[in-house]
Structure formats: C-alpha cells, structure tokens
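These features come from Swiss-Prot:
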type: TOPO_DOM; residues: 18-701; note: topological domain 'Extracellular'
type: REGION; residues: 181-188; note: region 'Zinc-binding'
type: BINDING; residues: GLU183, CYS186, CYS187; note: Zn(2+) 1 binding site
type: COMPBIAS; residues: 194-207; note: compositional bias 'Acidic residues'
type: MOD_RES; residues: SER198; note: phosphoserine
type: MOD_RES; residues: SER206; note: phosphoserine
type: COMPBIAS; residues: 228-264; note: compositional bias 'Acidic residues'
type: COMPBIAS; residues: 268-281; note: compositional bias 'Low complexity'
type: MOD_RES; residues: SER441; note: phosphoserine
type: MOTIF; residues: 724-734; note: motif 'Basolateral sorting signal'
type: MOD_RES; residues: SER730; note: phosphoserine
Amino acid sequence: MLPGLALLLLAAWTARALEVPTDGNAGLLAEPQIAMFCGRLNMHMNVQNGKWDSDPSGTKTCIDTKEGILQYCQEVYPELQITNVVEANQPVTIQNWCKRGRKQCKTHPHFVIPYRCLVGEFVSDALLVPDKCKFLHQERMDVCETHLHWHTVAKETCSEKSTNLHDYGMLLPCGIDKFRGVEFVCCPLAEESDNVDSADAEEDDSDVWWGGADTDYADGSEDKVVEVAEEEEVAEVEEEEADDDEDDEDGDEVEEEAEEPYEEATERTTSIATTTTTTTESVEEVVREVCSEQAETGPCRAMISRWYFDVTEGKCAPFFYGGCGGNRNNFDTEEYCMAVCGSVMSQSLLKTTQEPLARDPVKLPTTAASTPDAVDKYLETPGDENEHAHFQKAKERLEAKHRERMSQVMREWEEAERQAKNLPKADKKAVIQHFQEKVESLEQEAANERQQLVETHMARVEAMLNDRRRLALENYITALQAVPPRPRHVFNMLKKYVRAEQKDRQHTLKHFEHVRMVDPKKAAQIRSQVMTHLRVIYERMNQSLSLLYNVPAVAEEIQDEVDELLQKEQNYSDDVLANMISEPRISYGNDALMPSLTETKTTVELLPVNGEFSLDDLQPWHSFGADSVPANTENEVEPVDARPAADRGLTTRPGSGLTNIKTEEISEVKMDAEFRHDSGYEVHHQKLVFFAEDVGSNKGAIIGLMVGGVVIATVIVITLVMLKKKQYTSIHHGVVEVDAAVTPEERHLSKMQQNGYENPTYKFFEQMQN
C-alpha cells in the first residue's frame with residue numbers, strides 16, 4: 001500500500017511541476033517562471049527544454065514591484081498570454097547565475113523562490129489528497145492578500161487541527177499576486193512523515209526542503225556545492241582585491257579578511273551538510289540545526305542584506321552578510337527563510353509541548369559560548385592590524401551571549417505558562433506581560449551593546465585609515481623632496497596615497513549605507529557630515545596632486561601614468577557613489593540650470609597649494625608642460641598656475657627640487673563651517689559633482705522671474721475685480737421714471753418690469769385683442 005502511494009505521490013508531484021495553464025499553448029515542457037537573485041541577472045524557465053536561461057537582454061536584475069515582475073514575464077514570454085504572477089510554493093536551486101557586464105557566468109547555485117507566470121484565464125491548482133488527509137479551503141471576498149498571507153492562513157489552520165500542511169494553492173485572483181482565498185491539504189503528522197519517507201525511499205534524489213531538480217545532495221554532494229559556492233565567492237573577492245593591488249609594489253591595501261573565522265565557518269557548515277540523508281527525519285533535523293544557528297556576517301567586508309531565522313522570536317529577521325564564510329542560516333528573502341525554517345520549527349515547538357521530556361529542538365549551539373564581559377574585553381583591548389577579525393569575534397560572542405539569555409527566558413516563559421494554565425485570566429495576563437517586558441529589556445540591552453561595539457570599531461578603523469593616509473602622504477612628499485627626484489618612485493608613492501584616500505572614502509560610504517539601511521532618520525542627520533567629509537577628501541587629494549607642478553621634469557615623465565591612475569580612481573568613485581548613495585536628487589537651489597548628470601563625470605582637479613580654495617580653481621586634469629598649466633579649453637577658463645605665489649611668473653627649470661616643502665603644508669586641510677556651507681558641492685543622481693555658480697546669470701534669471709510674476713499677479717487681480725463688479729451689477733433694459741407717491745406694491749411691480757417681468761394677465765388680454 002505505502003510503496004504504491006509513494007509512487008502515486010511522486011508521479012503527481014512530477015505532473016504538478018510540469019503543469020502549464022492551458023491557453024492554446026499545448027506542447028510546452030515546463031511552466032513559465034522567472035527567478036531573481038540580487039546582484040545577478042534574472043533567470044527564466046525555457047518552456048521548450050525545461051532549463052533555466054539568463055536574461056536575454058543581459059541587463060535586467062532584481063525587480064522590486066509585482067507590476068514589474070508581471071511586465072518582465074510578458075517580456076521574456078512574448079508568445080504567451082501572461083495575465084498574472086504568483087510566488088511558487090517551494091524554493092528551487094538554480095545554477096549559472098550571470099553578473100551584469102560579465103561574459104562568463106559562475107557555476108555555483110543559489111536557492112531562490114521563483115515566480116510563476118500564469119498564462120490565460122486563472123485556473124486553480126489541482127491538489128492531490130492522500131489517504132487520511134483532508135482537503136480544505138477558505139475564501140473571503142472582503143480580503144485581497146498576497147501569496148505569503150494565504151500560505152500563513154493555511155499553515156495556521158492545519159496547525160490548529162494538529163496536522164501538517166501538505167500542499168496548497170491560491171483561489172480567486174483579485175490583483176497582481178493577490179488573491180481572495182486558498183485551497184490546501186492537511187495531513188496528520190505521522191501520516192505526512194510516512195508519506196515523505198516512502199517517497200524518499202523510492203526517489204533518492206528528492207529533497208524535501210532544498211529541492212531542486214538540478215542538484216543531488218545524496219552521498220555528501222551538498223558539501224561540494226556549499227564549498228564550491230564559498231570558494232567562488234572568496235575567489236571573486238580576492239580577484240577584485242588583486243585588481244586593486246595591481247602594479248603596487250609595496251602592497252598598501254588594508255587586509256581585513258581573517259582566515260581563522262572563515263575556516264571555522266567552513267568547518268561548521270560542512271559538518272552540518274554531511275549529516276543530510278534522504279529521510280524526512282534527518283532532513284528536518286538538519287533544518288532545525290541550520291535554523292538554530294546564529295546569524296554570522298563572515299570574514300569578508302561586503303554588506304549584503306540577508307535574512308536569518310531567529311528562534312527566540314520564531315520568525316525571520318534581517319542581517320548583513322559579508323559575502324563569504326558564515327553559516328547556512330542565511331537566506332535571500334524573508335519568504336524563502338520562512339518557507340524553509342517556519343514549518344519545521346513550528347512542528348518542533350508543537351512536539352516539545354506534547355512531549356515535555358523530549359529533546360529541545362531549538363537548543364542553541366554552545367560552540368560560541370561567551371563570558372559576560374565579552375564586549376568589555378574587546379573594548380579594553382587596543383586596536384591593531386587584526387581589528388576586523390577581533391570585531392567579528394566580539395560580535396559573535398555578544399550574539400551568543402544574547403541568544404543564551406533569550407533562550408533561558410523563553411524556557412522560563414514556557415514553564416510559567418504551563419504552570420499558569422489553571423490560573424485566572426488576570427494572572428495569565430500578568431505572567432505574559434512580565435516576560436514580554438523582560439524580553440524587551442534584553443533586546444534593548446543587546447541593541448545598546450551592539451551600538452557601542454560598532455561605534456568603537458568605527459573609531460578604530462578611522463584612526464587606522466588616518467594613520468595609513470598620513471604615512472602615505474609623508475612618503476609621497478619625501479619622494480618629491482629627493483635630490484634628484486626619481487619619477488617612478490614618486491609615482492608609486494602617489495599611487496599609495498591615492499589608494500589610502502580611496503579606502504577612507506570607501507569606509508565612509510559603507511558606514512553611511514549601513515546606517516541608512518538600519519536607521520534612515522539617523523542617516524538623514526549625518527548625511528551632511530558624510531558629504532562634507534567626502535569633499536574634504538577630494539580637496540586634500542587635489543591639493544596633494546598639485547605639488548607635482550613644482551617638479552616639472554617629474555610631472556612630464558609620469559604624466560600618462562598619472563592620467564591613467566586618476567581615470568581609474570574617477571571610475572571607481574562613480575561606481576561606488578552610484579551603488580552606495582541610491583537616494584533621490586537633492587537640490588540646493590541653482591542646480592536646475594546644470595546639465596544632465598547621466599553624462600557628467602566626477603573629475604579630480606588640481607588646486608593651488610597656497611591661498612584659499614575657490615570654485616573657479618576646480619579644473620579637470622589635463623596634460624601639462626614644464627612651464628605652464630593648460631586651460632580647460634571647453635569652458636574657456638583661464639589657466640591656473642598651481643605654483644606658490646612667490647614663484648609665479650618665474651621660469652621653472654629641470655632639477656628644481658622641493659627641498660623647502662614642509663609636510664604640514666598639505667597634511668591636513670582645515671575647513672571652517674562657513675567655508676563648507678558656501679561651497680558648491682552637491683550630490684545629484686548618485687554622483688559627486690563640483691560646479692561653479694554663474695552668479696550674474698542667476699541674478700538675471702531671478703529678476704526676470706520676479707518681473708514676470710508681478711505682471712501675472714497684476715493681471716489676475718484686475719480680472720478678479722472686474723468679474724466681481726460685473727456679478728453685482730443690476731440688469732437694466734432702460735430708464736423708467738417711477739412716481740415717489742406710488743404704493744410699495746406698485747414700486748415692486750415697476751422694478752420687476754424693469755428686470756423683464758411681464759404680467760400674464762396683460763399678455764392674455766393683448767393676445768385676445770389681437
């Protein structure tokens with residue numbers, strides 16, 4: 001009986017996977033679907049061969065709105081009549097995701113929940129009802145909710161009946177990915193387990209939770225997938241850093257990746273993966289262990305928004321993933337996280353309630369146990385070159401301590417509720433309120449400790465970056481002061497200095513992006529400070545670069561290399577600003593006359609060494625000679641001599657060194673608040689732009705607008721007065737002399753006649769006479 005039922009279930013599941021709504025499109029091998037993974041090109045199902053293909057245009061990535069998803073379905077399936085979209089019930093494994101602008105695609109898979117593109121008129125899914133299972137449905141015509149809402153309704157309904165949700169489908173569409181009901185099948189817990197066990201015994205390649213037809217996790221192959229994914233992600237990071245370090249002889253990059261945490265995370269991930277078997281109990285055990293892990297950022301420095309399952313809250317919560325390492329409690333979306341962890345963890349809690357002596361399924365791992373003074377230990381230890389690794393370990397210890405305390409409180413809460421079953425309602429409410437306050441207190445305490453940890457880490461990183469920049473600047477000036485100066489050495493020192501400034505800017509932007517995602521209000525408050533700091537970095541770089549003018553021979557020899565370095569730095573700044581500052585355009589007045597910034601590039605200009613900075617001094621970097629500085633020919637701006645005022649007008653000659661230059665002249669750029677406020681520094685369309693305000697043209701435009709406004713206002717006032725006067729003017733058809741001695745009735749009749757009134761009696765007799 002059971003093997004036959006297992007085969008029937010397997011056949012039904014296979015038929016369901018290949019089911020396509022009928023709209024005159026017979027013969028399709030697969031259902032139209034699309035899948036998205038942020039940072040990669042979208043994928044869509046090839047309905048002819050059943051394989052996933054990358055975006056045909058090579059440009060489309062994450063889509064935020066359901067309307068956009070529907071439109072994208074219609075674009076990739078133009079021959080089908082796509083009318084709606086709905087999330088799939090289960091996540092799938094997809095390989096060969098492509099990055100935008102790259103020809104070769106990575107082979108490691110990602111787990112995502114695809115969207116089904118519905119063809120033609122909506123037809124509800126045909127659900128298979130196994131033996132001892134019940135088919136149920138709910139419809140509410142006054143409700144129009146998403147797939148996730150109805151999935152939750154179905155799951156809760158089955159849980160109330162002490163059963164497990166076996167399958168479900170949407171009913172009565174009312175919008176894009178919105179429906180008015182759900183149909184579902186509830187099976188007894190033991191029956192569901194037997195069914196899945198039988199199906200797994202027949203089909204070794206099937207996997208309840210990580211199910212993807214393209215991936216085989218039997219015999220430890222899951223380890224290979226995880227390791228390949230992590231190795232390729234680490235390879236990408238190393239490749240990018242290798243590009244940054246190209247031609248850098250002294251290796252000036254800030255190395256913040258710690259191998260020790262990565263190895264530990266890899267070992268922990270591998271140990272979890274190797275326990276996977278083809279039985280449902282083993283799969284659920286692995287899922288419970290995965291979903292009970294604490295969120296780990298990993299040793300890398302990216303800030304990728306991900307989700308993890310929080311066992312204390314019983315729901316998924318966001319966190320930032322570094323890009324490599326970490327563990328498998330790491331999901332792309334909240335829906336995917338709940339789909340994997342929600343059902344198994346709720347079943348575990350139900351079993352725990354029914355069997356008090358059973359092992360606690362959500363018991364936290366004790367590998368990261370910490371002492372109460374874990375944060376204090378980090379705060380008391382001075383920073384060093386391994387600051388990032390120390391910070392990661394301190395953060396993990398803090399999270400472990402917090403989870404231990406929360407787990408203890410939740411166990412106490414559960415025990416208190418069990419003991420309070422026979423108490424009055426008021427006492428039960430008091431118990432609940434007490435533990436809620438305790439949980440909130442622990443959360444607030446943990447948040448404060450996290451904030452203190454992050455602020456300390458930020459301060460140490462800033463101090464380290466400042467030291468590196470100061471050292472690079474001193475080496476650069478020393479190279480310029482050498483007699484005779486060596487052009488190649490000067491260029492290498494200049495490159496190290498530019499990289500140090502670039503690191504400072506990258507750190508500032510990443511911190512701002514983190515604050516903006518966590519606390520948008522605080523991000524709005526510190527935005528002006530961030531922009532001021534970025535402007536200081538640009539001006540400091542410009543001032544340092546201008547020192548090359550004092551050694552014309554060196555400047556001429558390394559001109560091409562410097563141009564290439566600045567172009568690379570400019571492209572990097574454009575990319576970083578476009579990715580990190582994704583906010584609407586902020587206007588500060590005269591930007592309406594500026595050109596479109598889609599074609600505007602941020603240039604690194606040269607500024608005078610002495611004297612005040614002015615907006616007219618900001619010119620693009622061009623080729624220069626030994627005796628003069630070229631002008632910006634496009635805008636016809638006069639050349640700026642970047643040499644000291646005392647040397648302007650004198651003929652420079654090769655070999656004139658900088659023996660009298662002091663480090664203090666350019667080590668720091670001091671800016672008061674008034675100078676910062678009056679600068680022409682703005683952010684437009686995610687790019688950093690310096691521009692010179694044309695004061696004369698702006699005044700003329702303002703005067704013209706004022707005169708035009710006065711004229712228009714005058715015309716409006718005159719028109720209103722005339723209309724009002726006309727409204728209250730009496731209608732006269734002629735002048736009729738009225739005797740003052742007549743009665744009021746006659747006077748009233750006279751006025752009526754003046755306004756066109758005709759006595760019907762008079763009119764009747766006039767007609768009779770005629």
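Every residue gets a Cβ built from N, Cα and C, even glycine.
Annotated features, which come from Swiss-Prot, shown on the structure.
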residue	record	CB count, 10 Å
GLU183	Zn(2+) 1 binding site	20
CYS186	Zn(2+) 1 binding site	24
CYS187	Zn(2+) 1 binding site	23
SER441	phosphoserine	11
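Cβ proximity to the Zn(2+) 1 site centre (mean Cβ of GLU183, CYS186, CYS187, cutoff 8 Å) flags the following additional same-chain residues: LEU127, VAL129, CYS133, LYS134, PHE135, LEU136, ALA154, CYS158, THR163, LEU165, HIS166, ASP167, TYR168, PHE184, VAL185. Look at the region 'Zinc-binding' (181-188): DSSP puts its residues at 0 helix, 8 strand, 0 coil. Along the topological domain 'Extracellular' (18-701), the predicted structure has mean pLDDT 67. The distance from the Cα of CYS187 (Zn(2+) 1 binding site) to the Cα of SER441 (phosphoserine) comes to 40 Å.
Residue pair CYS186 (Zn(2+) 1 binding site) / SER441 (phosphoserine) shows a Cα separation of 39 Å. Cα-Cα distance from SER441 (phosphoserine) to GLU183 (Zn(2+) 1 binding site): 41 Å (rounded to the nearest whole number).
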